[in-house]
Structure formats: structure tokens, C-alpha cells
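Visitor: I have a structure here, written as C-alpha cells, and I will follow up with some questions on it.
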Amino acid sequence: MCDYSQFIQQANWLSPEDMNVPLHIENWLSLSTSLTAQLRSSFPTINIQVLTEYWVNSVSQNEQDFFVRTHKQFWCREVLLNSDTQPLIFARTLIPNTLLAAHSELQQLGNRALGEWLFTRPDRIRTKLEWSYEPDKKFYARRALMQIGHETMMVAELFLASDIFTRRIK
């Protein structure tokens, strides 16, 4: 299995305006609602497989530059969203310790999707969005800064299955 986490950390990220992608892919990459909820309406079963959760004291320069301000410590969560046994999405979330101090429940998600928590928040704002493409593997990816109150988290998602893009967004 290739290192999805490494790809997200080292990818060449661009603003959506700087990438020319087909409309059916753009619709998925620009989705502003819950990706997990959309997948659940397009695939028979979706399950969350937690790969790793851990504290990290430093992140790639690429990731640090994405945040508006410098953070010293992050809770890192990496998961696969699967349809039965087929991996659809690899997700890497970086939650600064300052956000986690106010929302410790984020460390207790287990096999629940982050979106189940995130999209119930009335104070959630997506403040930044970037896309990337890996031509050798034909992977598209997106990453966003999600603001909760005065704090932000990074959510990066790598689309592993190209048949996602054949599904209509509901």
C-alpha cells in the first residue's frame, strides 16, 4: 500500500481556480457538505477504519504553511472510508491542541466519521480549500481549513476510487 499520508503532506496543492478538472470531479472536490454523508447516499455501506491517532509536535512545512497561524502541537487522525472492503477515501485530520482543549470529544470519535461531529456545528466555516492531483496513481485530493469558533483544523481527503466521480451528488 502506498503512503497516502506522505502524499497529503508533500502534495503540490493549488487553489481550485488554478486547477482544470472535469466538472463531474470538480463537483466532488468542491462539495461543501459532509463527504461521508454523500458517500453514504452513493454506496451501499460506508464504514470508517481508523488507521492511526496520535499527538504530533511538528508537521510538514506544506501543512504548517496551510494554517493561518503557527501551532505547536496537533492531534493527528488518519482514517479510511470504505465501502465494504473497498477503500474510497483516505482522510488526514490535524487538530491543533488549542481546538482540542475546547472539544476533547474529537479524541473519542472512534469509528465515527469526523463529519458527524463537524457538520452539526453551527459555528463551522470552511475558510480555505485547495486541490491536488497525483498523475501516476490518478488520485485527486482536497484539503480544507475548517474554522470552529476562533480555532481551525485541517481536513485532507484523498480520493482513492475513481468510481466515486461517476456517482451523482444528491
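Using the three backbone atoms N, Cα and C, a Cβ is placed for every residue, glycine included.
Unlike curated entries, TrEMBL annotations are predicted automatically.
So TrEMBL lists these for the protein:
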- Arg77, Leu114, Glu157: substrate binding site (BINDING)
Visitor: Name them in sequence order: residues not among Arg77, Leu114, Glu157 whose Cβ is within 8 Å of the mean position of the Cβ atoms defining the substrate site.
Guide: Glu78, Val79, Ala91, Arg92, Thr93, Ala113, Gly115, Val155, Ala156
Visitor: Over all shown protein chains, what is the count of other CB atoms within 10 A of the CB belonging to Arg77 (substrate binding site)?
Guide: 21
Visitor: Largest pairwise Cα distance, Å, within the listed substrate binders Arg77, Leu114, Glu157?
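Guide: Answer in Å: the longest Cα-Cα distance is 12.
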Visitor: When neighbour density is defined as the number of other C-beta atoms within 10 angstroms of a residue's C-beta, which of the binding-site residues Leu114, Glu157 has the lowest density?
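Guide: Leu114, out of the binding-site residues Leu114, Glu157, has the fewest neighbouring Cβ atoms within 10 Å.
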